[in-house]
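Here is the structure we will look at, set down as structure tokens.
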Amino acid sequence: MSDTVETAARTAPAAVIVGIDGPSGTGKSSTSKAVAAKLGLRYLDTGAQYRAITWWMLSNGIDVNDAAAVAEAAGKPEIVSGTDPSAPTITVDGADAAGPIRTQEVTSAVSAVSAVPEIRTRLTELQRAIAAEAPAGIVVEGRDIGTTVLPDADLKIFLTASAEARAARRSGELKGKEATDLAATQAALVKRDAADSGRKTSPLAKAGDAVEVDTTELTLDQVIECVVTLIEERRSA
Ligand SMILES: Nc1ncnc2c1ncn2[C@@H]1O[C@H](COP(=O)(O)OP(=O)(O)OP(=O)(O)O)[C@@H](O)[C@H]1O
Ligand SMILES: Nc1ccn([C@H]2C[C@H](O)[C@@H](COP(=O)(O)O)O2)c(=O)n1
């Protein structure tokens, strides 16, 4: 090994694996993307993968409430995630799925599809493979990253926020909506959280060794700063 290569190997920080979990609208995606971009890490949105497979089921006429039919089709679509935090991508069988996976139809169906064990096994394997290939490390966000997908992650974060704050954030994304929509948005968030927390296989849950960050009263910049500080502390420990 040349001196230069040897010095670089000694000084380059080891790959860092970060898992960020939490209920819907707590800021997982915004925080994870920004933290990964700041620290030169890859970024994986596992919710986008569950949405993508749900979109494929709906597009192929599979009844998402028929767990046996969903399980039988679980291995069929090819899901590919691009992990550049400044331009994350998701394709299904080669087609760009970034737009279609955000429709109300997919949002309403995704909890049923993601409760099917065969779906979880398939995507958990994919997520572990992506994390293992990230040279400098990766920020992976979802619902079961700390408990199931990456139980040996260097840092686990569990983001929370009040249902009111999360609904207000989501409504802010949909400018021009009436006040009554805020209540409907909150009810939909709470319903999806209950389904995600209540399923048998790898439910939404805080890992025992995760750091909980309540973002209700924090700006997004404050949450990003907090997570960056926690990662730097782990790296220097
Ligand atoms: N601390 C914060 N303060 C104010 N707004 C925030 C904060 N964190 C995130 N947001 C905003 O809240 C909305 C939801 O954030 P984001 O999509 O990151 O949440 P999420 O936890 O990934 O949600 P989901 O699980 O539904 O994908 C976005 O519009 C984002 O800009
Ligand atoms: N690790 C994960 C990530 C997501 N899901 C399911 C449950 C969510 O309601 C849905 C969509 O996720 P979002 O885009 O809102 O982050 O996907 C899961 O079960 N496990």
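Heads up, the Cβ atoms here are built off N, Cα and C, so glycines get one too.
Predicted automatically and left uncurated, TrEMBL annotations should be read as such.
Listed in TrEMBL:
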type: BINDING; residues: GLY22, PRO23, SER24, GLY25, THR26, GLY27, LYS28, SER29, SER30; note: ATP binding site
type: DOMAIN; residues: 18-232; note: domain 'Cytidylate kinase'
Legend entry - Same chain, 6+ residues apart, C-beta under 8 Å of the C-beta of LYS28 (ATP binding site), given in sequence order: ILE20, ASP21, GLY22, GLY47, GLU141, GLY142, LEU159
Legend entry - ATP site, defined by GLY22, PRO23, SER24, GLY25, THR26, GLY27, LYS28, SER29, SER30: further same-chain residues with Cβ within 8 Å of the Cβ centre: THR31, GLU141, LEU159, ALA161, ARG166, THR215
Inset, instruction - Enumerate in sequence order the binding-site residues GLY22, SER24, THR26, SER30 whose Cβ-atom distance to ligand 2 is under 6 angstroms. - result: SER24
Inset, instruction - Other Cβ atoms within 10 Å is the metric here; tell me which of the binding-site residues SER24, THR26, SER30 scores highest. - result: THR26
Inset, instruction - Give the three-state DSSP assignment (helix, strand or coil) for THR26 (ATP binding site). - result: coil
Inset, instruction - Please work out the number of neighbouring Cβ atoms within 10 Å of the Cβ of GLY22 (ATP binding site), leaving out its own Cβ. - result: 26
